[in-house]
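What follows is a single structure, written as structure tokens, with notes after it.
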Amino acid sequence: MNRTRSASMAQGGLNWDSLPLKLFAGGNAKFWNPADIDFSRDRADWERLTDDERSYATRLCAEFIAGEESVTQDIQPFMAAMRAEGRLGDEMYLTQFAFEEAKHVQVFRMWLDAVGVTDDLHHFLDDVPSYRTIFYEELPDCLNALTIDPSPAAQVRASVTYNHMVEGMLALTGYFGWHKICVERGILPGMQELVRRIGDDERRHMAWGTFTCRRHVAADDANWGVFETRMNELMPLGLRLIEEGFALYDPMPFDLSVDEFMAYASDKGMRRFGTIASARGRPLAEIDLDYTPVQLEDTFADEDARALAAV
């Protein structure tokens, strides 16, 4: 692709109020370094856990680090799709997005090393087949499809898979689990800080995915059907993944409740329908300056904070 012009030099410059560039500025303002997190107390807390508790926590961490590695690799085609569409602001944000995902791989690996977990962890994924279906098949297939077909419909399918299922349902539910484990026991302060930092990054990622779906739905109502169909395909698979993980333990370590986790995941998935639907019939120009996607993620964060404060 030959370059014929530079968007950053166009008359009027860049629109810093557009949602993608707001997210970009927010990420710059909230930069954090994994090496600054203190994991020194986590090793002692880890040693005091039971074998089953360590097994479950290791499984949860294995699912996270493999997931973070997957999304680090799989986001690349979305950048190219934004370039093909001429959306420099989105492309700028996605460079930051990819960097943050790579940083999440780093910090989870640092935590595992700090608590002494250095064995091969692949077997933790073998008995949760839905995990492999989502992360090893559905995610790369949907994102790689953008290299051939960067159309709005393909972007919506990719965003639903990445931003709404992997991040918006599964990762949020995993963070909720980590918080319950750590806060109720008053343990693993390094993990608590790790999850807080990553969660802040992921809220921006999910907001971008919601924004992307909303602008395509506003531009062509047929894309609402694409969104709805893909969500309905993936939500049962995501819920099955949660069930498979809980079925491996009896009793469940940390007294975690499968019903609570299923309800949490379902709620996060279903409430995204309304936010996307609200873009139907809207003037496309309004969507670029509509911060509803950010507000939704902030609402989720506030609800979690209140729930955990009551523990």
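Cβ from N, Cα, C; glycine included.
The Mn(2+) binding site annotation in Swiss-Prot covers E68, E101, H104, and the record cites similarity to another entry as its basis. Following the DSSP three-state reduction, the secondary structure of E101 (Mn(2+) binding site) is helix. Under 8 Å, Cβ to Cβ, and six or more positions away along its own chain, E101 (Mn(2+) binding site) finds E68, V71, T72, I75, H205.
The Fe cation binding site feature in Swiss-Prot is assigned to E101, E167, E202, H205. For E167 (Fe cation binding site), other Cβ atoms within 10 Å of its Cβ number 22.
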Once near-sequence residues are set aside, which residues in the chain of H104 (Mn(2+) binding site), 6 or more away, have Cβ atoms under 8 Å from its Cβ? F64, E68, T72, I198, D201
Cβ-Cβ distance under 8 Å to E202 (Fe cation binding site), same chain, at least six residues away: E167, A171, L172, Y175
List the other residues in this chain whose Cβ sits within 8 Å of the Cβ centroid of the Mn(2+) site residues E68, E101, H104, in sequence order. G67, E69, V71, T72, E100, A102, K103, V105, F108, I198
Other C-beta atoms that fall within 10 angstroms of the C-beta of E68 (Mn(2+) binding site): 23
Run through the Cβ atoms and count how many others sit within 10 Å of the one on H205 (Fe cation binding site). 26
